[in-house]
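Chemist: Handing you a structure now.
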Amino acid sequence: MSLHFLYYCSEPTLDVKIAFCQGFDKHVDVSSVVKHYNMSKSKVDNQFYSVEVGDSTFTVLKRYQNLKPIGSGAQGIVCAAYDAVLDRNVAIKKLSRPFQNQTHAKRAYRELVLMKCVNHKNIISLLNVFTPQKTLEEFQDVYLVMELMDANLCQVIQMELDHERMSYLLYQMLCGIKHLHSAGIIHRDLKPSNIVVKSDCTLKILDFGLARTAGTSFMMTPYVVTRYYRAPEVILGMGYKENVDIWSVGCIMGEMVRHKILFPGRDYIDQWNKVIEQLGTPCPEFMKKLQPTVRNYVENRPKYAGLTFPKLFPDSLFPADSEHNKLKASQARDLLSKMLVIDPAKRISVDDALQHPYINVWYDPAEVEAPPPQIYDKQLDEREHTIEEWKELIYKEVMNSEEKTKNGVVKGQPSPSGAAVNSSESLPPSSSVNDISSMSTDQTLASDTDSSLEASAGPLGCCR
């Protein structure tokens, strides 16, 4: 698909009508849900009202009007809404059964704490947090109010992107990741449905339910990223560091070029086979880093020489070289070759990726070197609590946010004028928000990303 290139403040744009005409990868059928969309006549109190959204009930502050379902996943349901106080459109995520078990409760706490800490233009902003319940005993629902974007990256991947758009989107991903890494936060769940964009090519990273701080003394968990985007060190049950996210970015970039998933494994074993068939069997030096049982399995697999990157990503898959920014297929391919490296010790860092010729044409110190977020809960990932203890911690966070909120925006977050959706673009209360194509909170299924499944014996333990 060929799109005209437009310049908007020297940055690329995307044709939202063409790019985002499809629904996102895991969507709610709005037309069928809206038929059952009715306001409850019984108000919770004078601040809240209830709306039936499919099989769920949203009990929200009156300031949020015209709720329309736009997405659902294992961890929540998302509605677009109009915020009458801020005069802008927002996304409201209701966490699904946050206190169902310890894993759900810990994820909810982690997501809330990290979203309150981060403050970067390439990470989704938390605008408000609330619960309709008034006491800890009644507490059961958590609502997160965020910026509303136009679509997730799943739709963009299907477009024929020119080099400007591709490199600018990647630059923004890397800026957001660097901001997280600067505070020792590893996202761990980067995938196209967790990255959202607007038609002006603004990009933001979503979903911190699986993010964790680096350096935890606990065994890191393998079931953390949708299988297709998992780094080799995750597949093989090794410890991992920040550049586990860089592998995921490489997979996303490769998908932008090929328009299909790079390593579509059916399970861990098939995933590993898909990787080595294309990139080659790793060297003995890497094998020595594996647990004995895993190493024994890997060493007994067929050996693959792998393909060169010009064969994996030939020029025919890339757009024409850019005259404006001198961006070339050879540069993009070189970046891919540095990201898609099996041995994490040899994989490019986020800092070096931002300095790569394919990326640094957009380099802005204010974006790259933004002050790191301050994580106030230093034991965020070492914490182990009962469900009731997690519930109390989350309730305190919500109450604390409500006290600190002024004019509906959590202190420390960008003001409406700096958010992705300008107030001039907001729809009045009587308008429809059905033209907002998507904002995905698509969570992968528990079988793919259940962080409760610890790596005590390595993910390839089934091969023993």
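Including glycine, each Cβ sits where the backbone N, Cα and C put it.
Heads up, here are the entries from Swiss-Prot:
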type: DOMAIN; residues: 64-359; note: domain 'Protein kinase'
type: BINDING; residues: ILE70, GLY71, SER72, GLY73, ALA74, GLN75, GLY76, ILE77, VAL78, LYS93; note: ATP binding site
type: ACT_SITE; residues: ASP189; note: active site, proton acceptor
type: MOD_RES; residues: THR221; note: phosphothreonine
type: MOD_RES; residues: TYR223; note: phosphotyrosine
type: REGION; residues: 405-464; note: region 'Disordered'
type: COMPBIAS; residues: 423-432; note: compositional bias 'Low complexity'
type: COMPBIAS; residues: 433-454; note: compositional bias 'Polar residues'
type: LIPID; residues: CYS462; note: S-palmitoyl cysteine
type: LIPID; residues: CYS463; note: S-palmitoyl cysteine
Chemist: The domain 'Protein kinase' (64-359): mean pLDDT?
Modeler: 89
Chemist: Using DSSP with the three-state reduction, classify VAL78 (ATP binding site) as helix, strand or coil.
Modeler: strand
Chemist: For ILE70 (ATP binding site), which DSSP three-state class applies?
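Modeler: Once the DSSP labels are grouped into three classes, ILE70 (ATP binding site) ends up as strand.
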Chemist: Between GLY76 (ATP binding site) and ASP189 (active site, proton acceptor), what C-alpha distance do you get in Å?
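Modeler: Distance (Cα to Cα, whole Å): 16 Å.
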Chemist: State the Cα to Cα distance, in Å, between VAL78 (ATP binding site) and ASP189 (active site, proton acceptor), rounded to an integer.
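Modeler: A Cα-Cα distance of 18 Å.
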Chemist: Can you tell me how far the Cα of the residue listed as 'active site, proton acceptor' sits from the Cα of SER72 (ATP binding site), in Å?
Modeler: 17
Chemist: Can you count the other CB atoms that lie within 10 A of the CB of GLY76 (ATP binding site)?
Modeler: 25
Chemist: Just how many other Cβ atoms lie inside 10 Å of the Cβ on ILE70 (ATP binding site)?
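Modeler: Result for ILE70 (ATP binding site): 26 other Cβ atoms within 10 Å.
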